[in-house]
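For reference, TrEMBL has these:
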type     : residues                                                                                               : note
REGION   : 1-24                                                                                                   : region 'Disordered'
DOMAIN   : 58-190                                                                                                 : domain 'Photolyase/cryptochrome alpha/beta'
REGION   : 219-255                                                                                                : region 'Disordered'
COMPBIAS : 243-255                                                                                                : compositional bias 'Basic and acidic residues'
BINDING  : Thr372, Thr373, Leu374, Met375, Ser376, Gln413, Leu414, Glu415, Phe416, Arg417, Asp418, Met419, Tyr420 : FAD binding site
Amino acid sequence: SSQAPGLNRAPAVGIAGSGRPNDVTPVGTTRRRSYICKAGQFARLGYNFIVVHMNSKARVLHWFRTDLRIHDAPALQAGLALKPQAWYPVWCWDPEYVYSHRVGVNRFNFLIESMNDFSQSLTKLNDKSKLLVVRGSPYSVLPKLFHDWKITHLVYEIDTGGYAQERDRRVRELAARSKVEVLAVLGHSLYHPAEIIEKNGGKATTTITQWQKAASKLGSVPRPTAAPKKLVPPGDLHLSSLSREDHPVNRDHDLNEKTRIGPVTCFDTLTGPKGDFAIPTLVELGYPTPTTTIHGGETAGRARLFAFNADDEGNRAALFEKPNTSPAVPGPFGTCQPTSALKEQSDSDAQEDSECEDFPEDIQIDVTKPSTTLMSPYLKFGCVGVRECYWSWHDILMKAPKSAKKPENLLGQLEFRDMYYAAELAVGGTTFARVQGNPICRYIPWNCPTVYSEEGDPIIPRPEDEKHPQAEEWLAAWSEGRTGFPWIDALMRQLREEGWMHHLGRHSVACFLTRGQCYISWERGAEVFDGK
């Protein structure tokens, strides 16, 4: 086996394949590329590597995080390929995200809907299976599950985000102590960001040309995997201790305190109020009722993808160019399409409302269609696989008599997504999200800057900018959609209501906040977006 320097105690990562020490291909992959990368390419993330052998006595815990789907799910297939006697689909309801990450009600609602949809999909494949939610830190609850459920293998989809890297490193160490083998499987991006960085000379990809050149050296994107036709049920779900004292929930601060209208009760128990590993609710988070009309889940996401691809016999997808889409439509679902029924409705409304008298004769708004795909939240939460999007669009482009070109077309949008994942990994997730110490971010003395302690940590809550008190007022007005600039305010109110905004709208409000009008740090803007 090959080992990452200085991490001799790291657990096993991999799956049986070719038998060569540095090149292992998992069951169920294409001939062109494996989903689990070569050992040397895991060194950047701190992985060790040994071959995992198929074992009919395997007891698999699949730790779901970014892969709430059954289609195009390489990690799911890798775990089932072990032919386990018991398969536990687990979600750790991590207090880190509840207290220490800004997550608004619409985002949490999307996640909860996605978890429920995924759990229902599991139950359809095996009536004894569902998503098992354990409430607490993965550092505390996972070792308990390893022990009580006699787990032999931990499987998860690779997440290269800032917090995720450190979290997964610590969990791998805990798994090693429990003699649990780890299968970390690529599935959230087209290519492993570490491979892209390696092919880019060890540097962050800061242009799409850099990314494309690096990716061209890595072969084709794998075709999506099919959904399993059946699942192995979990074994005994008994846990020896359910005491919260044995699994404490620590918090230094609550970044979402202002969003809550009630107490946080989701951590009152380890396995839910009824002890049935239930998915938490917004009420348990202390959150208000969401206002978004964008619903989460693989079912909704794939329906949206299929509808988009079928529109105009595929021509809409083939000719799609992101710069030519428009945010100037009502809500996230609008697009300019001739629709006779809507024209009739608009004429009727115009008779009752004088504001509608200037409704254009040649443009009607079909609010059932977005001007873009609106696939971003489904990709972010793993409701729809990136390879399923990639190959569905690739095949449409190949068959179409006329099609748009990269990077403006749909494939180019997925490449931009991968480019930023690689840049984040190269820079480091924590550093990537801030100005200070960020090698790819130009330092500018913005108003309302992040304030750091002597140890170099951000001070939370952030002290107000005493030198520019008016900037604090501008920041509040911008975030609440009351700047007095109708275009900016409409976009920010849309963000508040829907949790989504067209990318040209994001450009507009970001420019207004920073160099365009307020000269306020982009870090504050990122916080506002996270909190919506």
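Any Cβ shown, glycine's included, is placed from N, Cα and C.
Recorded features from TrEMBL, shown on the structure.
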{"residue": "Thr372", "record": "FAD binding site", "Cβ contacts under 8 Å, 6 or more apart": "Lys322, Thr325, His502, His503"}
{"residue": "Ser376", "record": "FAD binding site", "Cβ contacts under 8 Å, 6 or more apart": "Trp500"}
{"residue": "Leu414", "record": "FAD binding site", "Cβ contacts under 8 Å, 6 or more apart": "Leu190, Val386, Cys389, Tyr390, Trp393"}
{"residue": "Phe416", "record": "FAD binding site", "Cβ contacts under 8 Å, 6 or more apart": "Ile208, Pro407"}
{"residue": "Asp418", "record": "FAD binding site", "Cβ contacts under 8 Å, 6 or more apart": "Ser189, Leu190, Tyr191, Pro193, Ile196, Trp211, Ala215"}
{"residue": "Tyr420", "record": "FAD binding site", "Cβ contacts under 8 Å, 6 or more apart": "none"}
Site diameter for FAD, Å, by largest Cα distance between Thr372, Thr373, Leu374, Met375, Ser376, Gln413, Leu414, Glu415, Phe416, Arg417, Asp418, Met419, Tyr420: 20
Residue counts in helix (H, G, I), strand (E, B) and coil for the domain 'Photolyase/cryptochrome alpha/beta' (58-190), per DSSP? 60 helix, 27 strand, 46 coil
Using DSSP and collapsing to three states, where does Leu374 (FAD binding site) fall: helix, strand or coil? coil
Taking DSSP states H, G and I as helix and E and B as strand, how many residues of the region 'Disordered' (219-255) are helix, strand and coil? 3 helix, 0 strand, 34 coil
